[in-house]
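*Asks:* Annotations for this protein, taken from TrEMBL, read as follows:
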DOMAIN    5-183  domain '3-hydroxyacyl-CoA dehydrogenase NAD binding'
BINDING   GLY10, ALA11, GLY12, GLN13, MET14, GLY15, ASP33, GLU92, LYS97, SER119, ASN143, LYS274  NAD(+) binding site
SITE      HIS140  site 'Important for catalytic activity'
DOMAIN    186-282  domain '3-hydroxyacyl-CoA dehydrogenase C-terminal'
Amino acid sequence: MEKQTVIVIGAGQMGSGIAQVFAQAGWHVYLNDLQTELIERGLAAIRKNLAHQVEKQKLSSEERDAVLSRLTPSTSLEDAAGAEMVVEAATENMKVKKEIFKQLSGIAPKDVVLATNTSSLPITELAAVTDRPENVIGMHFMNPVPVMKLVEIVRGLVTSDQVYEKVYDTAAALGKTAVEVNDFPGFVSNRVLMPMINEAVYTLYEGVATKEAIDEVMKLGMNHPMGPLTLADFIGLDTCLYIMETLHEGFGDDKYRPCPLLRKYVNAGWLGRKTGRGFYTYE
Ligand SMILES: CC(=O)CC(=O)SCCNC(=O)CCNC(=O)[C@H](O)C(C)(C)COP(=O)(O)OP(=O)(O)OC[C@H]1O[C@@H](n2cnc3c(N)ncnc32)[C@H](O)[C@@H]1OP(=O)(O)O
Ligand SMILES: NC(=O)C1=CN([C@@H]2O[C@H](COP(=O)(O)OP(=O)(O)OC[C@H]3O[C@@H](n4cnc5c(N)ncnc54)[C@H](OP(=O)(O)O)[C@@H]3O)[C@@H](O)[C@H]2O)C=CC1
């Protein structure tokens with residue numbers, strides 16, 4: 001198979017997971033972030049995951065080394081000039097993403113797929129800042145990327161069939177199952193998931209039960225692998241808040257209003273697992 005190159009923009013929990021699965025599928029990967037330390041943190045997470053696979057004999061140490069050799073740190077978007085695909089996984093903020101996509105227009109070759117891993121933001125609006133909106137598409141991986149099977153593919157208003165097919169085939173080659181959805185706030189995944197999480201936060205805020213009780217009810221009663229407050233910490237409370245704000249603004253419906261407790265925690269810098277504190281505390 002011809003070796004292909006992808007640039008993954010944002011080396012946070014999603015970007016590092018996306019880089020890992022591409023590299024494990026044989027792609028060359030530029031892992032891009034603003035600072036070298038952030039890329040190093042992402043690479044450290046990948047090394048840890050690969051070490052676990054070696055320990056479990058799911059991967060040989062030679063394969064691990066080959067995967068690691070396909071990962072190149074990048075702090076310049078100019079590296080998009082040498083890629084066949086871009087997957088943007090920077091912070092869930094329209095201003096940040098528009099700036100990235102605007103810059104990509106001047107750098108990436110014309111036929112490059114410009115995919116975003118956004119959780120909720122409109123693909124069509126993002127596409128409109130580029131000189132090639134037909135190449136822009138949502139390629140929404142789930143967290144943790146190496147484990148979760150789904151990729152939600154989101155077509156913008158003018159995404160071409162060719163770009164859709166390329167992303168669909170790529171998801172399959174990464175061992176994922178793609179599901180096609182249209183471009184509306186939160187798509188399907190977060191339109192359904194995030195109001196449940198937000199309601200769990202309201203349940204805590206209104207004193208209906210303790211955080212442990214709320215999580216236990218949903219785990220044991222509904223067979224969810226994680227309770228909603230544990231899951232919110234896992235996703236990142238900033239990301240949860242941004243998604244609720246996108247739903248609230250996008251639909252103009254108060255049923256999506258973010259719980260004030262969620263906003264308070266984010267303002268306090270309690271972003272969940274990634275900062276060591278959210279609804280729970282972490283080592
Ligand atoms: C916000 C959005 O836009 C969209 C989203 O992503 S929403 C979030 C979607 N994700 C979820 O809902 C996740 C819900 N939680 C789960 O499915 C499970 O708790 C879980 C898969 C995370 C962990 O599973 P578990 O059975 O409780 O724990 P554990 O036995 O430790 O892990 C199972 C496997 O996953 C792996 N794993 C767990 N966490 C991992 C991580 N962060 N990265 C890589 N691998 C991981 C483990 O190494 C283990 O692999 P092996 O079987 O090879 O040992
Ligand atoms: N968390 C989740 O469960 C899921 C998240 N997503 C989506 O994936 C994206 C990333 O989320 P996640 O990985 O959790 O977030 P993280 O906060 O873990 O990582 C985001 C990374 O992007 C970096 N970044 C910010 N601006 C830029 C830029 N201009 N260029 C390059 N890198 C930049 C951040 O750096 P710094 O810290 O310095 O700002 C940070 O390292 C978001 O759009 C989110 O909605 C999708 C599915 C699931």
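Placement of Cβ uses the backbone N, Cα and C atoms for every residue, glycine included.
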*Asks:* Rounded to a whole angstrom, what is the C-alpha distance between ASP33 (NAD(+) binding site) and HIS140 (site 'Important for catalytic activity')?
*Replies:* 19
*Asks:* How big is the gap, in Å, between the Cα of GLY10 (NAD(+) binding site) and that of HIS140 (site 'Important for catalytic activity'), rounded to a whole number?
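*Replies:* One finds 14 Å between the Cα atoms of these residues.
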*Asks:* Among the binding-site residues GLY10, GLY12, LYS97, ASN143, which have a Cβ atom lying under 6 Å from any atom of ligand 1?
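*Replies:* Near the molecule: ASN143.
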*Asks:* I'd like to know which of the binding-site residues listed (GLY10, MET14, ASP33, LYS97, ASN143) lie near ligand 2, counting only a CB under 6 Å away.
*Replies:* GLY10, MET14, ASP33, ASN143
*Asks:* Would you please pick out, from the binding-site residues GLY10, GLY12, the one with the fewest other Cβ atoms within 10 Å of its Cβ?
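*Replies:* Comparing Cβ neighbour counts within 10 Å for the binding-site residues GLY10, GLY12 gives GLY12.
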*Asks:* Where does MET14 (NAD(+) binding site) sit in the DSSP three-state scheme?
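*Replies:* Where MET14 (NAD(+) binding site) sits, the three-state DSSP reduction gives helix.
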*Asks:* What average pLDDT does the predicted model assign to the domain '3-hydroxyacyl-CoA dehydrogenase C-terminal' (186-282)?
*Replies:* 98
*Asks:* If you skip the near sequence neighbours and keep only those at least six away, which residues in the chain come within under 8 angstroms of LYS97 (NAD(+) binding site), Cβ to Cβ?
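*Replies:* In sequence order, GLU88, ALA90, THR116, THR118, LEU121, LEU126 meet the Cβ cut-off.
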*Asks:* Same-chain residues six or more away whose CB lies under 8 A from the CB of ASN143 (NAD(+) binding site)?
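*Replies:* GLN13, MET14, GLY17, PHE234, ILE235 - these are the non-local Cβ neighbours of ASN143 (NAD(+) binding site), listed in sequence order.
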*Asks:* For the domain '3-hydroxyacyl-CoA dehydrogenase C-terminal' (186-282), give the DSSP counts of helix residues, strand residues and coil residues.
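*Replies:* Counts, helix then strand then coil: 66 helix, 3 strand, 28 coil.
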